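What follows is a set of notes on a single structure, which appears directly below.
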Amino acid sequence: MTGHFFEGAEKLLEIWFIASNNNNDLDNDTLSNDLRNIPRELIEEVLNLVNCKVLKYAKSATTDTYVLSESSMFVFQTHFVLKTCGETTLLHAVQPMLELARDYCGFDIVDQIFYSRRKFLRPELQKTPHTSFEHEVAYLDSIFESGCAYVLGRTNVDCWYLYTLDKTSVSTKSDQTLEVIMTELDPEKMKIFYQEYTSSASEATKKAGIDKLFPNAKIFDYLFDPCGYSMNGLLPNGHYFTIHITPEPDFSYVSFETNVPYDQYQEIIRKILKIFNPGKFTTTIFGDTAAISLDRQRKLFLYSDYGRIDHQVVCLVDYDLFYSYYKKHPS
């Protein structure tokens, strides 16, 4: 494999914090327990260590959002989500963010961590410690105690890796997250995300129908030169969604992620599939055991035009995790 290549698959990091002194008094400017108190220039220094830049920044009552040169960051009061693609060194953000959370927010306890990614197309192009999942686990184990590493799916095809802490958490209980990872995308649909065919990010958002997924969202989008697309959408009550697109046919990749809670995820996943028409896709759903009924979801994880190749359930301390892998039926 020679010539131009871009690794669309993101590394995804989510860290939740609590403070032993628990000071949420927002009138206290010094160390109120809020990650949004970390100065933006210090966040950008951390992102430099990861090898990405801020393209767009915005904030709502609950959330600071960053559209990055390689994906996205969301900062909330007690946790942050950082998602980076390409050859970024995401895990280099961990230690600096722990220190900033302690020094600027009084957060001295990591309540929970989630680090995940799908199998890279070309792992040999990654930089340390991302050259293998074993190296990533060793790096995280050097920082955290009682880490657990999981591999879901078929290791010789497409698989998905997860690292988390083997502990009950205080603050993440009501959180739900859906991620849809798509490959072998429809080339006609991918044309929208080339500057040759589309003049602006907002035009791409509308042409694809992304603006209709959550009509009440405030969207921050970016169309790359010559191709590629990223967007963050902010919704009320600390909810978000984010989409990242690598449209080149040899290594096409699209990811969708949201923390909007659903009783059933079928409808939103079907909308995503209609927009992008992937040849293959993976879904991962995190939810506390009260939020998602295991039996109900197991029966409903089926989509027309696609065969379900794998379906796995992992019961973590506070969560059920559903992993499913689908492939389009031959036409």
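Backbone N, Cα and C define each Cβ position, glycine as well.
Database features, via TrEMBL:
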{"type": "BINDING", "residues": "PHE6, GLU70, PHE224, GLU248", "note": "substrate binding site"}
{"type": "ACT_SITE", "residues": "SER71", "note": "active site, schiff-base intermediate with substrate"}
{"type": "ACT_SITE", "residues": "CYS85", "note": "active site, proton donor"}
{"type": "ACT_SITE", "residues": "SER230", "note": "active site, proton acceptor"}
{"type": "ACT_SITE", "residues": "HIS244", "note": "active site, proton acceptor"}
Inter-residue C-alpha distance, SER230 (active site, proton acceptor) and GLU248 (substrate binding site) (nearest angstrom): 14
Chain-internal residues, separated by at least six, CB under 8 A from PHE224 (substrate binding site): GLN195, SER230
The residue listed as 'active site, proton donor': nearby recorded positions from PHE6, GLU70, SER71, HIS244, GLU248, Cα cut-off 10 Å: PHE6, GLU70, SER71, HIS244
Spatial separation of SER71 (active site, schiff-base intermediate with substrate) from HIS244 (active site, proton acceptor) - C-alpha basis, Å: 6
Alpha-carbon spacing, the residue listed as 'active site, schiff-base intermediate with substrate' to GLU248 (substrate binding site), which is rounded to whole Å: 17
Binding residues PHE6, GLU70, PHE224, GLU248 (substrate) - maximum C-alpha distance in whole Å: 16
Residues within 8 Å of the PHE6, GLU70, PHE224, GLU248 Cβ centre (excluding the substrate site residues themselves): GLY8, CYS85, GLY86, CYS227, GLY228, THR246
GLU70, GLU248 as binding-site residues, winner by CB count within 10 A: GLU70
Other CB atoms within 10 A, centred on the residue listed as 'active site, schiff-base intermediate with substrate': 26
CB contacts for SER230 (active site, proton acceptor) [other CB atoms within 10 A, all chains]: 26
For PHE6 (substrate binding site): intrachain residues, at least 6 apart, with Cβ closer than 8 Å: CYS85, GLY86, GLY228, THR246, GLU248, PHE251
